[in-house]
């Protein structure tokens, strides 16, 4: 890694290895700072929001060091560094851009504008020059040591000073910016101390191992960001817009809803769009994990980033700049970094006292034996310096976020978006799942199966009235009724004063008369009681069409189970997770679905009833609520974790803690398995980190290990923890 100096140039910098997440405490983790960012303005409730793009962060400890430096500035209300998307966000009452840039420059970091082009990457030779230089100098020093001890000692001192200079400089910068216990500080003290007592070879070896750890750290950071980088690369930089019969190449930021664009075969959509071409196949695997191309017809929505498989297509832009499907996913990733798991917060608090405590122990080990027992100063100074290096909490600090980030990335690859470590941790504890029925267990596209009008009205008239009231509604049943009327080519009149009745139905004025569409049982319908019972017993949903309090007839609709619903329920049972259906549908229709899946159910529930049921179930064991509609949002909020189907409403997706973008219920099983695997991984990582520290603490006091083994142990623990966390990315 390299750290920018005050003039924006890169200087060699050595930092121990760390992985792929938002680490808790910059002061505590092995990293150095090469960060640069971008200032963009937006209004915020707490003042003005400024944002920069941050480049060069090789571990999440860099993010915490940047936060530390900015947080000390007067006038800063809030500061966040989002490691996955390399973004610095500062909320302030006044324009503090100059102060932020100055503070970070003094701390050894540089900033660039968020909209600026990516900085060109340094050549591999330049990037690895510090490591190569130190290896060559180390080899020369060993050679000289074999033939001439004095010259060998001088060579080791020179090697140490060359490696130490950038580290000590960065340590001073970080101390000035408030990061007192950064690994750069520990390394500087240990190397200088080793030189002081004549352990020149070990001082040089410590720095060499440190630099190797830094290169591993850079590799881990790039692996951590691969998913986000791939997602950002899904959007092309330009689009072909059709205007007045002419084609023009425009930047995607200039596209607006209503624009008509053209995408060639093999091209990616620059924005969410509505298909205007007759039909086409789209590869949406990068967004949803769905490997099979999806067939779309005229009027269907297609997300940004999807690829037109086999033909030139025309679409109408639906999304504003920065509000496409890809942008929403990136926003979820940013939000996920803000929602840290409880165990992450615990490790953060623990690490804040761990390093100072180890430094205090090292000082006592250095002073007490020589002062009280006349022991050798050189021996105990050496042991104290070794303990100082053991005090680096890199492996411990990254043990949790490395696993959580890998878990979140693995879930995203499979089309499951989990909003942060807290949600992932909660998901791993779930032993119950409550399902909404329509749109969750079923495909959410019911069809009209029967129309039964009262005497004196035709089927067409009944369907026309119902479609007029339901036009524009988002509920799957409403859309099915409108779709049926459109297929029949009926002239649908315009309804006025349309009003949704919570838990009951929807009403409107049609041709000056009040028409109500409601569930059977919400309005007296004695003449149709037998028919309603018969239809509901067959698993169909029945709605009444009421005009001026007179029941004009009933419309029956039926949805179909998702293809993988039965398999998903069976696999959940195998995991020890119990399922239950909570639905606003009638009991008979719910019973038909529940019987087919072998689930318990509660039917006829209003939104507040669902909340009550979820609260009661949640008191017995952690419960996940899976839904897709506005009426599911309160229940999802009340559950231990809310999970939205990707086809759900914006309200459901916003409320949920996780979402299945591909609408496959088996993805829920994979999410729970992955969450549990992540928990196990975290426990393993903490054991590795603390176990190795404990072992080397004892062996150091017994005189069995020295400085270079202490650094090797720290780097080794960090490598093991990171490698263990990366195993989650390979889970099937």
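Keep in mind that glycine also has a Cβ here, set from the backbone N, Cα and C atoms.
For residue 394 (Zn(2+) 2 binding site), other Cβ atoms within 10 Å of its Cβ number 30. When secondary structure is read from DSSP and collapsed to three states, residue 394 (Zn(2+) 2 binding site) falls in the helix class. If you look up Swiss-Prot, you'll see 392, 394, 714 marked as Zn(2+) 2 binding site.
Under the heading Mg(2+) binding site, Swiss-Prot lists 436, 438, 628, citing similarity to another entry as support. Its own atom aside, the Cβ of residue 628 (Mg(2+) binding site) has 27 Cβ atoms within 10 angstroms in the protein chains shown.
Counting residue by residue with DSSP, the domain 'HMA' (48-112) contains 22 helix, 21 strand, 22 coil. Residues annotated as domain 'HMA' in Swiss-Prot, with sequence analysis given as evidence: 48-112.
Annotation comment: Swiss-Prot describes 125-145 (among others) as transmembrane segment.
According to Swiss-Prot, the transmembrane segment annotation covers 147-167 (among others).
As annotated by Swiss-Prot, transmembrane segment applies to 180-197 (among others), with the evidence given as sequence analysis.
Feature annotation from Swiss-Prot assigns transmembrane segment to 203-222 (among others).
The transmembrane segment feature in Swiss-Prot is assigned to 357-377 (among others); the stated evidence is sequence analysis.
Residues or ranges marked as transmembrane segment in Swiss-Prot (evidence: sequence analysis): 384-404 (among others).
What Swiss-Prot lists as transmembrane segment is 686-702 (among others).
Under the heading transmembrane segment, Swiss-Prot lists 708-729 (among others), citing sequence analysis as support.
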Cα separation, residue 436 (Mg(2+) binding site) to residue 394 (Zn(2+) 2 binding site) (Å, whole number): 44
Positions on the same chain near the transmembrane segment (686-702), where near means CB under 8 A and six or more residues out: 347, 365, 383, 386-387, 390, 393, 395-396, 399-400, 709-710, 713, 716-717, 720-721, 724
Cα distance (Å, whole number) from residue 392 (Zn(2+) 2 binding site) to residue 436 (Mg(2+) binding site): 49
Nearest-integer angstrom distance between the alpha carbons (Cα) of residue 438 (Mg(2+) binding site) and residue 714 (Zn(2+) 2 binding site): 53
Surrounding CB atoms that lie within 10 Å of the CB of residue 436 (Mg(2+) binding site), all protein chains: 29
Count of other CB atoms lying within 10 Å of the CB belonging to residue 438 (Mg(2+) binding site): 26
